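> Got a structure for you, questions after.
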Number of protein chains: 2
Amino acid sequence: MSYTAPLKDMLFNIRHLADIDAVARLPGFEDAGFDTAQAVLEEAAKFNEGVLAPLNWEGDRNPSSFKDGEVTTTPGFKQAFRQFAEGGWQGLQHPVEFGGQGLPKTIGAACIEMCNSANMSFALCPLLSDGAIEALLTAGSDELKAVYLEKLVSGQWTGTMNLTEPQAGSDLAMVRSRAEPQADGRYKVFGTKIFITYGEHDMAENIVHLVLARVVGAPEGVKGISLFVVPKFLVNSDGSLGARNDVHCVSIEHKLGIKASPTAVLQYGDQGGATGFLVGQENRGLEYMFIMMNAARYAVGVQGIALAERAYQKAVQFAKDRVQSRPVDGSIAASAPIIHHPDVRRMLMTMRAYSEGCRAMATVAAAAYDASHHHTDAEVRRQNQAFYEFLVPLIKGYSTEMSLEVASLGVQVHGGMGFIEETGAAQYLRDAKILAIYEGTTAIQANDLVGRKTARDGGQTARAIAQQVAAAEADLRAQGGDHALAVAQRLQAAREAFLDAVDFVVAGSRTCPNAVYAGSVPYLMLAGNLVAGWQMGRALLAAESCLAKGEDAAFMQAKIVTARFYADHLLSKAPGLRNSIVEGADSVTALALEAF
Amino acid sequence: MSYTAPLKDMLFNIRHLADIDAVARLPGFEDAGFDTAQAVLEEAAKFNEGVLAPLNWEGDRNPSSFKDGEVTTTPGFKQAFRQFAEGGWQGLQHPVEFGGQGLPKTIGAACIEMCNSANMSFALCPLLSDGAIEALLTAGSDELKAVYLEKLVSGQWTGTMNLTEPQAGSDLAMVRSRAEPQADGRYKVFGTKIFITYGEHDMAENIVHLVLARVVGAPEGVKGISLFVVPKFLVNSDGSLGARNDVHCVSIEHKLGIKASPTAVLQYGDQGGATGFLVGQENRGLEYMFIMMNAARYAVGVQGIALAERAYQKAVQFAKDRVQSRPVDGSIAASAPIIHHPDVRRMLMTMRAYSEGCRAMATVAAAAYDASHHHTDAEVRRQNQAFYEFLVPLIKGYSTEMSLEVASLGVQVHGGMGFIEETGAAQYLRDAKILAIYEGTTAIQANDLVGRKTARDGGQTARAIAQQVAAAEADLRAQGGDHALAVAQRLQAAREAFLDAVDFVVAGSRTCPNAVYAGSVPYLMLAGNLVAGWQMGRALLAAESCLAKGEDAAFMQAKIVTARFYADHLLSKAPGLRNSIVEGADSVTALALEAF
């Protein structure tokens with residue numbers, strides 16, 4: 001059950017698809033060129049392969065446990081988190097002024113993928129800390145920053161996001177937790193939060209909860225929600241830990257997967273009120289939370305890629321080892337390793353193509369994020385921002401749905417052994433299912449894609465992306481050869497399908513919202529498929545160019561046929577999705593409610 | 001977590017798609033008309049809803065356990081199995097002369113679906129007994145039949161299938177268990193069998209193992225495999241139980257799902273040899289085993305339908321109860337039950353359309369099975385046999401793959417709650433994954449479909465089915481109206497895609513087997529999709545006709561829009577699959593082995 005970081009693929013993407021040289025020309029990232037990327041990734045691979053990966057299975061067998069208000073994490077996790085913190089991994093992308101390393105997301109995202117491949121349950125803790133850091137950086141007062149940021153960035157403390165309540169899941173308008181202003185400017189926070197990842201644990205000295213609640217008298221709905229910092233332990237003026245705050249874990253969930261990651265029910269204010277500190281202004285909590293959410297959504301998409309990669313590696317290993325039946329082509333006259341069977345190849349190639357396609361998409365998005373924050377030209381920043389924001393729901397929605405399919409194929413490659421828990425393949429399937437749910441279900445991502453990302457600008461960003469795809473098709477045709485031409489053809493069909501869907505979404509989002517939202521998830525899957533397939537097309541071109549220069553022929557040839565597979569077997573789904581979206585809306589909502 | 005048998009849908013299929021009146025004209029089935037079907041199904045519903053369904057969740061929480069060679073099943077299972085046996089449910093489809101009820105499969109299949117919806121882990125025990133009965137009926141000597149059949153049919157004893165060994169899963173040529181002939185005509189059996197469902201349990205007095213083993217000196221490969229009866233307890237000449245046989249359970253597996261169903265490792269012959277009785281002739285074991293397998297494969301397909309139905313019902317209930325967010329069309333000015341959200345509808349309709357489509361396919365196949373065994377005209381028998389055999393891999397392969405997708409959607413409808421085990425939706429996902437694996441993985445079904453069912457007769461059966469689909473298209477066009485015309489159009493596209501794939505398979509199965517088998521699973525999915533969609537088209541026509549007669553308007557209208565949904569959202573995948581199969585073969589096997 002070992003894991004080997006796909007460094008070659010990551011560095012190929014960083015160099016050829018994300019153009020790390022351009023990232024390193026951005027102010028603040030002067031030292032973040034290819035060599036830095038390589039050095040950081042190699043170091044990350046060592047840590048994740050050596051320290052975190054071996055604990056993944058143990059976390060599933062021996063999950064976090066709850067007793068008397070306290071959570072004990074899987075043996076080894078506490079020590080591993082210390083190593084993680086000491087290695088500086090929590091601060092990778094965070095500002096130098098708070099102790100971080102200030103690296104671009106283009107590099108950081110690859111490290112986060114490795115961490116999640118190695119141990120997704122573990123990686124959730126730093127993932128949530130990242131969100132808390134992001135929110136404080138954007139909206140926190142200087143005082144809050146001074147008290148909390150350095151310790152969060154160093155990994156001495158960890159962070160959480162507290163949104164969900166029993167009656168308020170996707171629907172944050174229904175948040176009922178309340179905050180009462182105090183004379184000293186602080187607030188007393190009351191309420192019950194559920195599904196709080198690492199809401200209680202023993203891996204760090206303090207836990208910094210970021211909590212959505214309504215200030216007494218605030219407007220109803222999402223416009224009356226504020227964001228508060230509620231630390232587990234209050235912090236003295238010298239930075240030392242003070243009194244225990246009135247937030248307590250009352251239970252943790254018994255879940256299908258990510259079992260090592262404690263999912264807490266937190267009770268605020270049962271003993272007079274938890275002391276909270278307002279982040280930014282009252283009633284702007286949702287806006288700030290979206291900062292955390294968008295960072296987290298990208299990261300969850302990366303979790304999908306990470307899980308798919310790990311499941312793929314495990315399936316490949318099994319397929320090479322397991323001897324069963326003769327190959328149909330008679331090439332071996334005895335029972336052979338099952339990797340010689342075409343359907344096993346099809347499954348492995350599907351897993352591989354999905355992982356590589358989504359990784360390419362995420363890497364390119366990361367570079368756009370870096371440019372959107374650091375480029376000197378406002379128009380370039382704006383364009384990159386629009387591109388990045390369009391991609392976030394695709395990365396979250398498409399990469400997580402694909403990870404479920406990939407993990408399921410991983411079990412399938414193992415046959416009956418896959419169904420036995422000790423084999424380890426089933427854990428990835430169980431773990432994967434949460435990815436399409438938390439930080440906004442696939443439907444919530446699809447709503448975002450339809451409403452904010454497509455309809456709001458009249459389809460402008462979507463069509464600009466299609467134009468870039470068309471340019472890649474032209475490049476592929478110019479390149480020539482079977483593979484490039486086949487990829488160009490599938491890309492064209494997928495792009496045309498996408499454009500039809502964009503027209504449908506833009507035309508109908510106000511006038512016939514039921515019809516548009518009936519196809520919202522298929523639209524997301526079509527868009528994600530196209531963008532990942534486009535990046536695979538670009539990867540093919542880059543690989544051809546490297547081949548011509550004599551670079552790493554084995555890797556480049558593999559990239560080319562993987563791109564071809566992506567086009568033939570995954571992009572080929574696009575026209576069918578177009579038909580579902582554009583022509584199939586009526587039948588989604590036609591059944592009478594009573595008939596269900 | 002209750003279950004309500006979909007009696008209306010089952011009886012609609014039995015009457016209008018499977019033509020129960022025609023079944024009742026077959027010799028031996030004179031009493032098995034619609035009224036009988038209705039009476040039997042209603043009785044089955046009562047038993048399964050009332051007795052088995054409430055034990056399903058308990059079986060997951062409190063699985064079968066192993067200690068000192070013995071297996072204790074979930075509390076309640078033993079008593080429930082007594083009730084099952086006393087109700088005569090084990091003997092439903094078995095011959096009257098051995099105490100069965102001799103009902104047609106057309107009726108029996110619906111009962112088996114209910115049993116599996118109610119409690120799949122439980123239902124596996126009678127499913128395996130059915131296989132053992134079938135094998136003994138076909139190949140057993142009169143003596144073996146006399147000793148074993150009545151008690152298996154009554155449910156006093158249960159049966160198992162022992163194929164798999166650690167090195168022999170899909171590849172039965174590698175079976176190593178051996179049988180030594182004794183002077184008295186019996187055999188001593190030695191070996192280790194794994195993955196034996198209900199290989200040991202406490203629900204019946206005796207367990208009748210049907211075991212594949214090699215007689216000493218037999219040829220290598222599958223031509224040297226014989227089939228033996230090895231009872232847990234030897235049977236005295238008066239039918240009473242005698243000595244404990246030398247077959248022992250050494251452990252049971254810790255599995256992803258179907259946890260109540262004990263999956264045993266059985267050790268044969270550690271104390272001198274297990275006494276075995278040859279079934280039929282030496283070296284014909286695989287042939288007999290295929291009789292059991294084909295019955296079991298059909299039944300596993302029905303398990304997929306059953307699980308999908310249960311997952312659907314649970315998701316519908318949650319979607320009606322859970323209040324979250326306003327509908328996008330503004331039809332309700334407050335947070336509403338999530339069934340009002342288009343994407344939730346899309347998920348529920350997908351679950352429903354898959355379940356209904358596969359149920360229709362399985363019901364029609366059951367009627368063909370009945371005709372293939374009971375029709376007086378040999379040519380009609382032959383045609384029905386060919387049709388049935390073509391459908392078995394579709395029912396097994398397509399219905400089980402769809403059940404996994406449906407169960408996953410079921411979790412998704414529940415959002416975060418779906419990931420919590422106590423909600424119960426996750427159990428269906430965990431349970432579903434085995435269905436695409438046991439009794440031959442989807443790839444094994446696809447090999448069967450490509451090799452034995454399509455290439456062997458030069459595509460004749462496949463094309464005959466396509467002709468029947470074309471006739472349904474013509475009927476739909478003659479019917480007219482938006483729904484019928486849309487279904488006809490999608491059916492045509494799917495049929496044309498299928499025919500292209502058939503041509504590809506027939507042309508290449510010998511000359512380029514790698515290319516054909518690279519697309520074998522997509523071909524199976526395409527064929528299953530088409531046949532299920534075709535039956536939904538026929539169902540639409542029948543529903544229109546019933547509507548015109550004023551029968552049950554609500555049900556008929558629901559059937560019509562569900563058929564339309566099937567066409568728009570599921571059949572629409574067919575052309576993409578065609579492209580993968582016909583144009584995508586090369587990229588499946590192009591990657592160098594070392595590049596994985």
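Cβ coordinates come from backbone N, Cα and C, glycine included.
Just lifted these from TrEMBL, have a look:
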DOMAIN    B:37-156  domain 'Acyl-CoA dehydrogenase/oxidase N-terminal'
DOMAIN    B:161-268  domain 'Acyl-CoA oxidase/dehydrogenase middle'
DOMAIN    B:283-449  domain 'Acyl-CoA dehydrogenase/oxidase C-terminal'
DOMAIN    B:478-591  domain 'Acetyl-CoA dehydrogenase-like C-terminal'
> Which residue counts does DSSP yield for the domain 'Acyl-CoA dehydrogenase/oxidase N-terminal' (B:37-156) in the helix, strand and coil classes, in that order?
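Result for the domain 'Acyl-CoA dehydrogenase/oxidase N-terminal' (B:37-156), in helix, strand, coil order: 85 helix, 6 strand, 29 coil.
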> Give the residue counts of the domain 'Acetyl-CoA dehydrogenase-like C-terminal' (B:478-591) per reduced DSSP state, in the order helix, strand, coil.
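Grouping H, G, I as helix and E, B as strand yields 100 helix, 0 strand, 14 coil.
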> Per DSSP, how many helix, strand and coil residues does the domain 'Acyl-CoA oxidase/dehydrogenase middle' (B:161-268) have?
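Across the domain 'Acyl-CoA oxidase/dehydrogenase middle' (B:161-268), DSSP assigns the residues as follows: 7 helix, 55 strand, 46 coil.
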> Along the domain 'Acetyl-CoA dehydrogenase-like C-terminal' (B:478-591), what average pLDDT does this model show?
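The average pLDDT of the model in the domain 'Acetyl-CoA dehydrogenase-like C-terminal' (B:478-591) works out to 98.
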